[in-house]
């Protein structure tokens, strides 16, 4: 038995899909445990680029299972479209498994998501308007519709009628929008459910059986620790728990079955949407990194905010997720910069602090304390080992390890799988 959790250590978009795809070569099961189609991941496979929102990267290997766990909120329409997208590109998705306990996103969730965000005016949190938050709200309120409910025609009809009666009161009276009609939703979404039915099962049983039989399971998180609803920059967060602890709840697997946790990070920092970002760059260096790395959201297409590497963020992420290894991406993006800054701590009203504050007011007052390191000009995109890196690039990686307190197991010098280089071969234990 062996299991590894892949967790984003910043604000998402760290390249989790790339390292998950890399690690999945040695996995038997690849499982996603939270989030929805609000976060995309980009995977390059056999020379083709795939942009997926819901389906785990294990889908590309027919000798592996790709699992969508119970902690995911599932838009049936999006998933059916994603399955067709894969088929159109020559990928057979028959190795997909979907939890019968996963909650379903319906049109009223999307309508409410947009209306609620619009009503917040200056207090917007940067939602993707995919209905994720309202779906998780229904789950917590115990009125959500699960995949198991979607598959039963009578059950789905009864629950949809009940929920629409309540949601339309909010949609029409609070937000002054047109009500949604039962007949505009029921037939289409029941049909989506029937299309997905062959993939639906109790995924907790699937995963635990695999582990009990000595197979390797890779758990794939969406977003990142700093977007975690409990540990992130609340309220500028997602509605679920991307931290490693989310695996046990979102997959139906006990904590004793989790072996290692890989924190994925960029060689710098990026963020989409509003919220605190102490090391954010507003100059030509930020523009250079954004354009060099094509830093635009996979789903939203929004330009990402760019900043220097922040070790305060990484230490926080390490602490709350228990990283055993780091996987660093985009090292090549920094090539050409004369000087590279690394945030070692914050100055909070004259006091040096090393831990990430919970208070937004304190975060606004925090000023990053930087250490400057010399950059490099050499092309590193063809590098295959740590030793082949320029000395300054080696020193940069060692500095990050020192500041975070976790060793880097892999580093990437480009988007292709072949550009992922391994330092520590014992991620699987």
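Each Cβ is built from the backbone N, Cα and C atoms, and glycine gets one as well.
In Swiss-Prot this protein carries:
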type: BINDING; residues: 12-18, 40-42, 304, 330-332, 412-414; note: GTP binding site
type: BINDING; residues: 13, 14, 15, 16, 38, 39, 40, 41, 128, 142, 223, 238, 302; note: IMP binding site
type: BINDING; residues: 13, 40; note: Mg(2+) binding site
type: ACT_SITE; residues: 13; note: active site, proton acceptor
type: ACT_SITE; residues: 41; note: active site, proton donor
type: BINDING; residues: 298, 299, 300, 301, 302, 303, 304; note: substrate binding site
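Projection of Swiss-Prot feature records onto the structure.
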{"residue": "15", "record": "GTP binding site", "DSSP class": "coil"}
{"residue": "40", "record": "IMP binding site", "DSSP class": "coil"}
{"residue": "223", "record": "IMP binding site", "DSSP class": "coil"}
{"residue": "300", "record": "substrate binding site", "DSSP class": "coil"}
{"residue": "331", "record": "GTP binding site", "DSSP class": "helix"}
{"residue": "413", "record": "GTP binding site", "DSSP class": "coil"}
### Task
Write down the Cα-Cα distance for residue 18 (GTP binding site) and residue 300 (substrate binding site), rounded and given in Å.
19
#### Entry: Proximal residue to residue 18 (GTP binding site) among recorded positions 38, 40, 41, 301, 304 (C-alpha distance)
41
## Note on the structure
Nearest to residue 331 (GTP binding site) by C-alpha distance, among the recorded positions 13, 41, 303, 304, is 13
### Summary
The number of other Cβ atoms within 10 Å of the Cβ of residue 42 (GTP binding site), counted over all protein chains shown, is 17
### Task
Let me know the largest Cα to Cα distance in Å among the IMP-binding residues 13, 14, 15, 16, 38, 39, 40, 41, 128, 142, 223, 238, 302, as an integer.
34
### Query
Of the binding-site residues listed here (15, 301, 303, 304, 413), which is spatially closest to residue 38 (IMP binding site) when Cα positions are compared?
301
## Note on the structure
One should report the C-alpha separation between residue 41 (active site, proton donor) and residue 223 (IMP binding site), rounded to whole angstrom, as 10
### Query
Going by C-alpha positions, which of the binding-site residues (301, 303, 304) is nearest residue 13 (IMP binding site)?
304
### Query
In terms of Cα spacing, which of the binding-site residues 303, 304, 413 are within 10 angstroms of residue 40 (IMP binding site)?
none
